[in-house]
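Quick look at what TrEMBL lists:
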- 16-36: transmembrane segment (TRANSMEM)
- 56-78: transmembrane segment (TRANSMEM)
- 88-175: domain 'Palmitoyltransferase DHHC' (DOMAIN)
- 99-117: transmembrane segment (TRANSMEM)
- 137-159: transmembrane segment (TRANSMEM)
- 232-245: compositional bias 'Polar residues' (COMPBIAS)
- 232-295: region 'Disordered' (REGION)
- 261-277: compositional bias 'Polar residues' (COMPBIAS)
């Protein structure tokens with residue numbers, strides 16, 4: 001039997017409050033569907049061709065908007081514990097960030113489409129060109145709501161597009177990430193194309209669909225190569241840089257994770273280990289070096 005008391009009552013109240021935004025958006029979306037599809041397209045539009053085109057385009061945007069919103073609120077941001085999920089309804093993280101971006105994109109297109117196709121009827125409302133029915137009031141409020149949300153969504157969507165182009169989250173935008181070599185505000189930026197693929201994936205056919213296609217595991221992330229190997233920088237063009245390495249181990253050209261990139265920054269320890277290895281091969285009597293060379 002579930003425990004009862006003031007604590008459980010507060011938890012239930014918080015859980016109800018968490019669902020208020022979802023209920024508000026659902027009611028607003030339901031009203032917009034009735035106002036546009038029924039009152040505007042079917043009741044107010046007289047041209048059959050205009051009705052068909054507007055209804056097809058509207059239902060396509062409506063379906064993508066609902067699909068991306070559903071995936072955003074019901075996809076866990078990572079792998080949080082059950083307590084975490086019950087404590088906060090949901091948030092945006094690695095697993096649902098693509099869905100959130102698509103939700104912003106399709107909601108913006110949804111509002112812009114409604115405002116553009118409703119504009120001429122909104123003008124007729126003020127010039128007394130519409131019949132005196134309840135449809136005229138739905139048309140007026142529908143245009144106001146679509147125009148208002150278009151302004152707010154365009155700024156929010158533009159901001160997140162800038163974050164994606166820099167491969168940042170809101171945390172890195174307000175505070176530069178810290179690496180072993182220090183802070184670097186562009187430490188995770190791999191270039192515009194690779195930054196986009198980090199969120200949307202390599203297969204472009206999935207980019208516009210609310211299907212998970214992001215790269216990585218959400219725990220470790222690639223970083224830009226901060227410090228280059230000094231031998232590679234001094235190698236003349238046309239020469240094989242692997243000829244200096246007796247074991248033919250090539251340095252990776254792709255960006256390294258933060259946990260790996262620090263190996264390139266500690267040049268002193270790298271030089272000392274190379275010197276000790278050379279002495280061991282020359283016949284030094286240090287037993288630790290001898291065991292290391294034998295293994």
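Using the three backbone atoms N, Cα and C, a Cβ is placed for every residue, glycine included.
Note on the transmembrane segment (99-117): residues 32, 36, 40, 54, 57-58, 61-62, 64-65, 68-69, 71-72, 75, 92, 142-143, 145-147, 149-150, 153-154, 156-157, 160-161, 164, 199, 208-210, 212 of its chain, located 6 or more positions outside it, place their CB under 8 angstroms from a CB of the stretch. DSSP labels the residues of the domain 'Palmitoyltransferase DHHC' (88-175) in these numbers: 66 helix, 0 strand, 22 coil. Mean per-residue pLDDT, taken over the domain 'Palmitoyltransferase DHHC' (88-175), amounts to 91.
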